[in-house]
C-alpha cells in the first residue's frame, strides 16, 4: 500500500534522554580530561547528531574553541588530538549512557500505536557500537525495543549526514520504498540523513538537543520560555529541511496520518 511502512528513529533526544544530556556533558568532561581545555555545554551541542569522532572534530573547528586551543597549544586541533579526546570520551560515555536510557514521556505508547498500524520501528544513532551495546539493552529494560538499530561506526560508508544508517534500516526491515519511511530526529544532521535517504523527515523541537532542557526544567518553565526555546529549535530543524517539526515523538502518529494522505494523492518527499 502507498503509506508509511517504517519510521527510523534517532536515540538521544528522540526516544531516550530528554534534552540529549548524556553525550553533551561527556564531551565537556573528555576535553577536560584529555587536554585540560574547557568547552561549554552550549558548544558541545552545536554539532550534535554527527558520529562522535566527527563531533569532536567539528567542536575543534568552532571559532571560540579553536581560539582556546591555539592559546594553549599554539596550533589548531590535530587528528591525533581528536583521537586522544575520543579515547577519553568512549569509556566515560559507555559508563554513563545507561543512566540516560529511560524512554522519553509518550514514547512507549507511541511505539505501540505505530506497531498497531503495521509500522516497523527502525533506529540509528550518532553513538558508536560500543556505546549502543550498553544503551540498547538498558532501554529494553525500560520497555523500548526497536525492531532494528544501527550505530554510527557500523558502516564503511560512514554516518550522518549521509543516508547510510537510514538506508541500512530500510534493507534490514524489508521496506519497499524509501518514500514509505519517516526519519525522526532532534538534530540537523539527522534531518539531513533522512533527506539524503529520500525519506520524509520530522524534527523534534522540545524533547531534544536544540531545546536543550532536562525534563524537570521543562516541566517548570514558563509558557514564554518554552515558546522561545521551541521557536529556536524549530527554526533550526526547518532550516535543515525538515518536512514537519513537532514537540516530541508523542506527536508522530498525527504527522504520519497527514503524510499518508499526501502519499495517497501521489506526493513524495
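Cβ coordinates are placed from backbone N, Cα and C, and glycine is handled just like the others.
Site annotation (Swiss-Prot, ligand Mg(2+)) includes 10, 12; from 186, 216, 225, the additional listed residue is 186. Proximity of residue 186 (Mg(2+) binding site) to non-local residues of its own chain (separation of 6 or more, Cβ distance below 8 Å) is seen for 10, 13, 14, 20, 203, 204, 205, 207, 208, 209, 210, 211, 233, 237, given in sequence order. Counting only residues at least six positions away in the same chain, the Cβ atoms of 23, 86, 89, 90, 93, 126, 127, 128, 152 sit under 8 Å from the Cβ of residue 52 (active site, schiff-base intermediate with substrate). In sequence order, 11, 13, 14, 15, 17, 20, 48, 49, 125, 185, 187, 190, 204, 207, 208, 209 are the same-chain residues whose CB sits within 8 A of the CB centroid of 10, 12, 186, the residues recorded for Mg(2+) being left out. Counting every protein chain shown, the number of other Cβ atoms lying within 10 Å of the Cβ of residue 10 (active site, nucleophile) is 30.
Around the Cβ of residue 12 (Mg(2+) binding site), 30 further Cβ atoms fall within 10 Å across all displayed protein chains.
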